[in-house]
Amino acid sequence: MSRSKMSSQRLWAVRAQFLLLWLLLWAAPVPWAEARRSRVSLPCPDACDPTRCPPLPSCSAGSALVPDRCGCCQVCAAVEGQECGGARGRPCVPGLRCGAPFSREPSGRAWLGTCGCAEGAEGAAVCGSDGRTYPSLCALRKENRAARQRGALPAVPVQKGACGDSGTTRAGRLRTKYNFIAAVVEKVAPSVVHLQLFRRSPLTNQEIPSSSGSGFIVSEDGLIVTNAHVLTNQQKIQVELQNGAQYEATVKDIDHKLDLALIKIEPDTDLPVLLLGRSSDLRAGEFVVALGSPFSLQNTVTAGIVSTTQRGGKELGLKDSDIDYIQTDAIINHGNSGGPLVNLDGDVIGINTLKVTAGISFAIPSDRIRQFLADYHERQLKGKAPLQKKYLGLRMLPLTLNLLQEMKRQDPDFPDVSSGVFVYEVIQGSAAASSGLRDHDVIVSINGQPVTTTTDVIEAVKDNAFLSIIVLRGSQTLFLTVTPEIIN
């Protein structure tokens, strides 16, 4: 065989081997071929079928379940440094972004990237315990990993925002959207005042605190509305504003039947005022906010809804009352009396008056307050001073059958009586307190006349300079003499 023929055969053999090797490589699932196929984007279905989703996976630390690229199934998001994208478009955890490769892929192909910090995220800066401001929490963690590798102390995120931030940064989207109560309080609180009442001690002749309450400013020159039962005569009334300024107040008008009072301070500057809304427009279910100073804790805020807009006084056992109270589940505690009940517009729709139990409180409607202020203004225009009024200094209820049964259930020693007026609070420092009346006494007679309703007591106070009262207390029958206080 000639040499040229042998060389030709060897050449064809080599070519055949290369061809066979190429065919084998093309058919075999080698890694680079599999990687190439994985970079082809999988199409999203026309309609999601949750039953075809795989079981929920257990995500590694730092990861979280998020919707996949198509929004059909839940997948574990990639954390920093892990691959993202690919055929199924694996997402990164919130706060990270999937970094794209430098080369542009053809249309319809998916690229594999790496999750990393989202640079330049607005408002994502954090302050570290090392005093440095990092562009994001992700950037701080990246620095911490490098610090641990070189044996340095990692920094702890101590504050959202720059280290020099004074804390007055704008609230986040959710806080801005849902914290409507805070917006109401910010608007209303400067007009709410704390009332501290003092009485003179008979032993030391010094003024000592006797009770407290709340009120709200209705005129720039210092007129303040509160509850009548908050005030007692012959006492010093000290008003403290939100800014801490203190003034002594005088009583301008008082109506014990409405349980409303108007006092006046002499401020150095104009004061912020609250406007009265229309309680007749109030609807059951509306959000309301109660502000005041319960237990002398100033600037206390509670919120709730209106349970009913017209709870008649007769339903509360107040047979002589013609007021339809606003019932709310906003908590009104002792000391909250006289504070405003406002709607979400910041308008006063009631004055906090009475708490029966947790979740059941009552307010006098603003329409009654408006009429009270209008009557006062009319008297001022006509030059008429308000009539002298007498003040006993107690809060009372007619002793109904239901109330009698409840009191006997709570106190086995409660007087065995079928009618009378139940005293549920005696105002400290008042004429009633000085005479010896106590909480939970039962008044059965005044000046020889039987007493069955609160109207009997009010009329007796109005028509007499002094009162001879028969009181039942437990198993005792007491005879007390009371001289009502005169209020101008």
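Backbone N, Cα and C define each Cβ position, glycine as well.
A helical conformation is recorded for His229 (active site, charge relay system) in the three-state DSSP classification. Feature annotation from Swiss-Prot assigns active site, charge relay system to His229 (among others).
Sequence-distant contacts of Asp259 (active site, charge relay system), defined by Cβ-Cβ distance under 8 angstroms and a gap of at least six in the same chain, are Asn227, Ala228, His229, Thr353, Ile364. What Swiss-Prot records for Asp259 (among others) is active site, charge relay system.
Positions annotated as active site, charge relay system by Swiss-Prot: Ser337 (among others). A coil conformation is recorded for Ser337 (active site, charge relay system) in the three-state DSSP classification, outside any helix or strand. If you draw a 10 Å sphere around the CB of Ser337 (active site, charge relay system), it holds 28 other CB atoms from the protein chains shown.
All protein chains shown were included, and the count of other CB atoms within 10 Å of the CB of Cys44 (disulfide bond) stands at 13. Here Swiss-Prot flags Cys44-Cys70 (among others) as disulfide bond.
What Swiss-Prot lists as disulfide bond is Cys48-Cys72 (among others), and the listing cites sequence analysis. All protein chains considered, the CB of Cys72 (disulfide bond) has 16 other CB atoms within 10 Å. In the three-state DSSP reading, Cys72 (disulfide bond) counts as coil.
Packing around Cys53 (disulfide bond) is summarised by its Cβ count: 13 other Cβ atoms lie within 10 angstroms of its Cβ, all protein chains included. The annotation disulfide bond is assigned in Swiss-Prot to Cys53-Cys73 (among others).
Counting every protein chain shown, the Cβ of Cys59 (disulfide bond) has 16 other Cβ atoms within 10 Å. Residues annotated as disulfide bond in Swiss-Prot: Cys59-Cys76 (among others).
Around the Cβ of Cys84 (disulfide bond), the number of neighbouring Cβ atoms within 10 Å comes to 23. Secondary structure from DSSP puts Cys84 (disulfide bond) in a beta strand. What Swiss-Prot records for Cys84-Cys98 (among others) is disulfide bond, and it gives sequence analysis as the kind of evidence.
Of all the Cβ atoms in the protein chains shown, 23 others lie within 10 Å of the Cβ of Cys92 (disulfide bond). In this structure, Cys92 (disulfide bond) is part of a beta strand by DSSP. The disulfide bond feature in Swiss-Prot is assigned to Cys92-Cys115 (among others).
Mean predicted confidence for the domain 'IGFBP N-terminal' (40-118): the pLDDT average there is 75. Here Swiss-Prot flags 40-118 as domain 'IGFBP N-terminal'.
According to Swiss-Prot, the feature domain 'PDZ' maps to 384-476, an assignment based on sequence analysis.
Swiss-Prot lists 213-373 with the feature region 'Serine protease', giving similarity to another entry as the kind of evidence.
Per Swiss-Prot, the feature signal peptide maps to 1-35.
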I need the most crowded of these disulfide-bonded residues: Cys48, Cys70, Cys76, Cys115. Count other C-beta atoms within 10 angstroms of each C-beta and give me the top one. Cys115
How many helix, strand and coil residues does the domain 'PDZ' (384-476) contain under DSSP? 25 helix, 29 strand, 39 coil
Give the sequence-ordered list of residues that share a chain with Cys98 (disulfide bond), lie 6 or more positions from it, and have CB atoms under 8 Å from its CB. Ala78, Cys84, Gly85, Pro91, Cys92, Gly113, Thr114, Cys115
Under a three-state reading of DSSP, tell me whether Cys98 (disulfide bond) is helix, strand or coil. strand
The number of other Cβ atoms within 10 Å of the Cβ of Cys73 (disulfide bond), counted over all protein chains shown, is 17
Sort the recorded positions Cys59, Cys70, Cys76, Ser337 by C-alpha distance from Cys48 (disulfide bond) and give me just the closest. Cys70
Cα of Cys70 (disulfide bond) to Cα of Cys53 (disulfide bond): how many Å, rounded? 12
From the Cα of Cys73 (disulfide bond) across to the Cα of Cys59 (disulfide bond), what is the distance in angstrom? 14
